[in-house]
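Taking it in order: structure first as structure tokens, then the write-up.
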Amino acid sequence: MENRNNITVFILLGLSQNKNTEILCFVLFLFCYIAIWMGNMLIIISITCSLLVDQPMYFFLNCLSLSDLCYTSTVMPKLMTDLLAKRKTISYNNCMTQLFILHFLGGIEIFILTAMAYDRYVAICKPLHYSIIMSRQKCNRIIAACCTGGFVHSATQFLLTIFLPFCGPNEIDHYFCDVYPLLKLACTDTYRIGLLVIVNSGLIALVSFVILMVSYLLILYTIRASPAGSRAKALSTCSSHITVVILFFVPVLFIYIRPTTTFPEDKVIALFYTIIAPMFNPLIYTLRNSKMKNALSKVWCQKPFLTGRQII
């Protein structure tokens, strides 16, 4: 515990040491951050101000958009500030706080994506029982469970890291505080802790990813004999979800399912689940979803809200 106090500030090496590259990245990420806020806020306001908020799929989408905004805001402001700064530093306490919040919101996002897949499975495979199974009370309990799961996951990561002794060096080869770069700096054997991180982060992501893929395979199997129109509609909805899942889960699995090692490519891979996925989620869910496009046009053009309610 005393050795840990030798390090009060960490230096973030960031994405690049080239000033011109950093300025270019700043402009690019500023555009991305604005797009993330605009896209997700459009979804949140459009769903909240229409009857879509009463439908489970859009209720979960609303929560996902809010989670995306909070998740990316944990990283982006600090990243953009550091791109313009000569010395990129973060205090020990702020580093641990960022680690906790990032994994808390990331865990929530993983569980919400799993809940959305479950919702589509029930809607398509058990349509007659959908309204009973996916009642508002059940949806609220699912979101509460997602938040609880995210907290347990993050608290575990936090406890695995907070007691590590850091006695130098203090340079984190990343643009935010994460477990593996911190384990690399710890002046103690972190092999067992690394295994626990794999169990806590890697296996959670892997199990959730497998559940998601199995649910979509069951959906595809169920709709194989459906009429062409219904099949196309179900495929359109599910393909949007699968695209989001791949954008988020594949990079996460690349980072966390392996032993405690870091690669230079990790920083670029991490951009996918911290910036790119939250930015593309609104586009994926609106451009390929006629009900979302209708809600956007009705809400923002001051037209009457939707009155019909459909499962898909």
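Each position is counted from 1, following the chain as shown.
Cβ atoms here come from the backbone N, Cα and C positions, even for glycine.
Keep in mind that what you see is a predicted model, and the values were worked out from it rather than measured.
As written in TrEMBL, here are the features:
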- 39-285: domain 'G-protein coupled receptors family 1 profile' (DOMAIN)
- 23-47: transmembrane segment (TRANSMEM)
- 100-121: transmembrane segment (TRANSMEM)
- 142-166: transmembrane segment (TRANSMEM)
- 193-222: transmembrane segment (TRANSMEM)
- 234-257: transmembrane segment (TRANSMEM)
- 269-287: transmembrane segment (TRANSMEM)
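The stretch with the most CB contacts under 8 Å to the transmembrane segment (234-257), chosen from 23-47, 100-121, 142-166, 193-222, 269-287, is 193-222. Counting Cβ pairs under 8 Å to the transmembrane segment (193-222), the top-ranked stretch among 23-47, 100-121, 269-287 is 100-121. The average pLDDT for the domain 'G-protein coupled receptors family 1 profile' (39-285) in the predicted structure is 88.
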